[in-house]
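Reviewing the structure listed below.
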Ligand code: S3P
């Protein structure tokens, strides 16, 4: 809604917050005139001198009758007398809001004065401030990119609410809504408690050393921890008195936490200490990512576009891409369930694998790292998982959700699995249905979509199951559930799919019976910790294989790539198309075959992709479509309907992008025909494309930039972080002209 400039904005209380509201509103041209009331002569004078307000008075009676919007910026305990005083003076159309840090006390004050909250009084709280106070500290940018919480009541007038929203938006803030109780509980923990602790620590130290000598030796830690102890004592006295109950609850929780630490130190319980610190560190790292907006969850709100420029290539160098995603997930899962300590090297620090890692921390497992790809998992044994505090959020990661469903279906406690918008659309019936056959109790949302609500305490029994689709995730889910099931769980797949679960179970000393297309486990065994060296992910290497294969003059070596025969479809398909790929230094690392892959440019030709290669290259097709567009003749893909239920409908989204870039293609239900333009220097034109938050689509079109006549923009690429952090930098280092631009 477009804001209609109001006539007069009155700030009652010309301090830091009140003054900053007036300055920011004035900069945005929110009102025609700005008025201020304050009892203190110097605040009024300061406000006039700084141009915060046009007129100032000590008398509410003088200015309230003129005001269209009143911002009450007085201490929370002064709210009731102020409301009492303004009540007879208000214009009937006037809208009121406040900036108090506690909302129940303001609601109570308004109810006491007016009999109920007036419909045109919208309670609010800007989460901004500084240790300084007074109007001289006011800053026009104080609320920029800060949050303002409104706590509207059901019978608040919608127009009044809208006006208050517009005020804060005009000040540059992001406006959120929650109810009064939740606001006070949240703020007690995130703001009031830290202030109380900072005041307390400084006071405790100051009492011990009245000359304050100790502060001479205090370095950064003390400074960071206690900055807020320099805040206004009277204001904070009022806040603790006003939000007494919620603060006491938060303080009790905190005291329990301190007591736990004290006991751990007393009893020299090193494991408990590292467990508490690790959990805290991971929470703080997450918070840092939120603050710096580097995590995918915040990036969803932030736009990262990939922009390619023509003239990139040849692609040359020797690189190692990040660790295998599938193996990274499984290393955490099996490491957590094993007895003993599992040390992992080469772990993928992408958001999907980190979602699995965080989940196992939530399930009570102590996990150190990741630090430079190293993770140490203190396994809790097959019966050691603990009930998490709340729903387990798996972000964009289908592998986490499907494999965890198998593990959690067998636990004694209830769990709920949720995900982001893309994951929430993906089919989970494929795991829920066979798990139910095993005796699990699982509720899904409509159409078998997430969230999954899994009931604990169910006795599972082994089943014999023919997978209706070639899916390693479904196979793995059932084999993992089979660890707790009575008898044997036997799964037969219609075509070979990645077998990392089977290999890794064996690596952890758990027997897996394999016969042809069938894998089976017997329930009731144990896993023993082991060390895992994760190879580079062939799915991530694919973008660079294709880049070198389509860019004349290229010569690129990819080191230490996993070439498990259930994942090597991309090598076979590229070779069939005429690509020059050589494998060297082949060896086995921790039960997985690895090699260095050298790719030199050679002209490609279109092929009919053998259907038996489809499950072996299932994640590589978006990039292979780019290779097909650069090949001479038509490439035909069939039997690939699974591509339609990945992070996006990869057949349709790729076809849309190819067509926009001037490459002819025809979509069928289970595949696509792509008319290659191999003999043309510029295969692709210039366009702005959507990747539908699909990491692999984003990276594939980034590679297409090597053979494009103009610039290609791929919008909303933040999800690349789920599987390939650092992709754009690595791509640039080998010759791609690619920028990741945040918007
Ligand atoms: C995976 C299996 C595949 C793959 C996914 C990872 C795994 O999914 O596409 O990226 O780690 O088991 P499906 O099982 O759905 O084919």
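Numbering starts at 1 and runs along the chain as it is shown here.
From the backbone N, Cα and C atoms, a Cβ is placed for every residue, glycine too.
Look at TrEMBL and you will find 619 tagged as active site, proton acceptor. For 325, 326, 330, 471, 473, 619, 646, the entry in TrEMBL reads 3-phosphoshikimate binding site. Taken from TrEMBL, the feature phosphoenolpyruvate binding site covers 325, 398, 426, 473, 650, 696. Positions annotated as domain 'Prephenate/arogenate dehydrogenase' by TrEMBL: 7-295.
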Got a sec? Which of these binding-site residues, 326, 471, 473, has the most Cβ atoms within 10 Å?
-> 326
C-alpha spacing of residue 650 (phosphoenolpyruvate binding site) relative to residue 473 (3-phosphoshikimate binding site), in angstrom = 18
Calculate the distance in Å between the alpha carbons (Cα) of residue 471 (3-phosphoshikimate binding site) and residue 426 (phosphoenolpyruvate binding site), and round it to a whole number.
-> 14
Length of the line joining the Cα atoms of residue 398 (phosphoenolpyruvate binding site) and residue 646 (3-phosphoshikimate binding site), in Å = 8
Checking the binding-site residues 330, 426, 650, 696: which ones have Cβ within under 6 Å of ligand 1?
-> none
Would you mind ranking the binding-site residues 325, 330 by how many other Cβ atoms sit within 10 Å of each Cβ and giving me the lowest?
-> 325
Going by Cα-Cα distance, pick out whichever of the binding-site residues 426, 650, 696 is nearest to residue 325 (3-phosphoshikimate binding site).
-> 696
Cα-to-Cα gap, residue 696 (phosphoenolpyruvate binding site) vs the residue listed as 'active site, proton acceptor', nearest whole Å = 8
For phosphoenolpyruvate, whose listed binding residues are 325, 398, 426, 473, 650, 696, the greatest C-alpha pairwise distance in Å = 19
